[in-house]
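Below is one structure, written out as structure tokens; the observations come after it.
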């Protein structure tokens, strides 16, 4: 397995952690995997060739699993598409699929591999978990036969699902989740007839699981946390980074904070597709994360988490995201508001023309307020932006976004284009908005796609404020609101 240099105190603190480990904590691991892809073909390969490819990837995953177990990890999450990759049609993926039973069958494939149809991938994953005494989370494909009595049955007589599986430390299948919100390119898979809310209990908390694009929708993501009260969410993903708001480490860390849960995100690694960014996130920020667009290396992350962290009114007062912004008038009248696109969404911007000040920008029902002071002005342009509307590109969902954003150049026409680096530091910032939803995710992204754990806080009145006297160079400070109620 290739070494990596994870950001924060990630992988080399295991001995200290194990000495201090209490019953109310556990050790989590995620592995970002540089997937070995199949050759592109219009004809299905043989089952033997499909298994050979999957075994090459599982050889690498097994190395990561063994290392994580040796460092005391109780659970490890591996990526979406991490065993067979992508580049498939409906027909060409079929040799890679297995029939995955409902976990109620109480099955340990490693101990009883012939109980059901041949399932060499499930058998090997089960043995990895059993032999290393660790929970193993993986993403594979499920196939289910159907017939003409089922009006939804596809013409080829089978359903095919993008599927997560979880094996416990004895190798037993304890969870199976069929991805409900497929990305637009996943034509090889079927949608489940109903969304699934999959949870399972462990000695170290209650877990839920979903996959990649699911995170942007109420079902299953919000249901698991708000209604089923899981402590930790498992998240195999194949995430293509989209600056400035949907970079993997940035958005996933913000989601964990906004929802008040642990979040274990394992991404595939493919720089040509902008796929990188894995992390172990707690409600108070990132415990370990990895973002690398320079090399094709995988990475193992390990960190300690609290076992029981789901929010309750007693433990953490709820944030009223619109309280402060609704109580103040417009900070200033803007004579020079202008429009610009961010990931196909039309924002209203106003420029920060002074080294310090107070600004307001509005779009529809959303008004965004910013107080700020720069720590020495660079030759860079920043804007305050607002978006209130329906995003319609790779899916349809309502957003409300307030953002302090660095523009790509001093040309205002570049505002909203992807930016990874900046030079300007801030002595302070305070961002708020008149949000119509309580699902708001706070993001602070520094130059070089660096997170800012512990360097900002969310006040109960909905303000995102800096805690440091001088920040690192800022790419964006954002309140990303997801208005599920309007979907």
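Even glycines carry a Cβ here, placed using N, Cα and C.
As written in TrEMBL, here are the features:
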- 80: active site, proton acceptor (ACT_SITE)
- 179: active site, proton donor (ACT_SITE)
- 212: active site, nucleophile (ACT_SITE)
- 40-307: domain 'CN hydrolase' (DOMAIN)
- 1-22: signal peptide (SIGNAL)
Cα-to-Cα gap, the residue listed as 'active site, proton donor' vs the residue listed as 'active site, nucleophile', nearest whole Å: 9
Neighbourhood of residue 212 (active site, nucleophile), C-beta criterion under 8 angstroms, separation at least six: 80, 179, 183, 235, 236, 237, 238, 239
Cβ neighbour count within 10 Å of residue 80 (active site, proton acceptor): 27
Local Cβ density at the residue listed as 'active site, proton donor' - other Cβ atoms counted within 10 Å: 26
